[in-house]
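The following feature annotations were taken from TrEMBL:
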- 30-49: transmembrane segment (TRANSMEM)
- 61-83: transmembrane segment (TRANSMEM)
- 89-112: transmembrane segment (TRANSMEM)
- 119-142: transmembrane segment (TRANSMEM)
- 154-175: transmembrane segment (TRANSMEM)
- 187-208: transmembrane segment (TRANSMEM)
- 220-239: transmembrane segment (TRANSMEM)
- 277-299: transmembrane segment (TRANSMEM)
Amino acid sequence: LSGIFTKSAYCPQQSWVLNLPTPRGWKADTVLTVMLALVMFSMGCNVELKKFLGHIKRPWGITVGILCQFGVMPLLGFTLAFAFNVLPIQAVAVIIMGCCPGGTASNILAYWLDGDMDLSISMTTCSTLLAMGMMPLCIFVYTKIWTDFDSIYIPYDSIGISLVALVIPVSFGIFFKHQWPRLAKIILKIGSISGGILIVIIAVVGGILYQSSWTITPELWVIGTIFPAAGYSLGFFLARMAGQSWHRCRTVALETGMQNSQLCTTIVQLSFSQEQLALMFTFPLIYSIFQIAFAAIILGGCFEGCKLLVLFQLRETTKLNLVRHAGCDGSDPILPYDTPPA
């Protein structure tokens, strides 16, 4: 980073000033913002207003999820960044990821894992709306240990503007779903595809423009592995401690660990300089890889568990039916799973 910092003529002799380069082209930033807005609009199209208001009137499940989202995850990110002693700018990236709300992927996984779909959508929507205020607040609180000593500037205004631009499409999506539910299903499919395309574009373009960021320290790999796994586990445990049902616990766990990495990556790209991105850009991608990997493991485990449960129920049902229709000789019925005696 030599050449980025220069001594200031207006500050004490031992102070340094960060010379930020000129902003990147507005075309790339506009494309990222528009695509992410489309994804957030499609998320709003997946919300039914009556069910959403029902969860608002009985907000216990949402409250537990929000506490996990903005209480557990930022604190966990701060703890990991401090424990592994990463660079200050990398610690900021870790904390931004921890402060992000849930994304559309958690809604899809909640459906696949037989979670509470309405709770998942309500939590995602509420966390996105609350992120407009909670995200800058959490960043301010948890980065004080680094900003006080290393003078890293956190662009709160840019983050706030980005979040406002994302909350508005969600609100329009909810209204669109309420007025035109059939058309909203088409928008939802388009938004889901756009979300996948957005991840690919960010990964490819970012990997080309910021090749130096791929010199990743082992600490970031370890944090990127532990962070989502701990988020899933703590979310499930705290929801269970709060007396939530099993399917709600699964939903809260997914919403806690499955962060909106698209939002994190876009905010990072729109808010920080290229030199800073070279050190922090890859962490959102690392987190995305492992949050999807752990979600796939959880999904596979639930699938195998459901399959074994179905086989067990089928066996018990077959056994009961054969016992009821046993012969008059009193001989034990031979079950299809039993081996006939020699």
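Including glycine, each Cβ sits where the backbone N, Cα and C put it.
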Cβ under 8 Å, sequence separation of at least 6 from the ends of the transmembrane segment (61-83): give me the contacting residues as numbers and ranges.
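The answer is 55, 90-91, 94-95, 97-99, 101-102, 116, 119, 122-123, 126-127, 130-131, 134, 138, 141-142, 145, 223, 226-227, 230-231, 234-235, 238-239, 242, 244, 248, 251-252, 255-256, 259.
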Quick test of the contact rule: Cβ under 8 Å, at least six residues beyond the ends. What residues does that give for the transmembrane segment (30-49)?
103-104, 107, 118, 121-122, 124-125, 128, 162, 165-178, 184-185, 187-188, 190-192, 194-195, 197-198, 201-202, 262-263, 266, 269-270
Cβ under 8 Å, sequence separation of at least 6 from the ends of the transmembrane segment (119-142): give me the contacting residues as numbers and ranges.
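Residues 40, 43-44, 46-47, 51-52, 55-56, 61-62, 65-66, 69-70, 74-75, 77-78, 92, 95-96, 98-104, 106-107, 110-111, 154, 156, 159-160, 163-164, 166-167, 170, 174, 248, 251-252, 254-255, 260.
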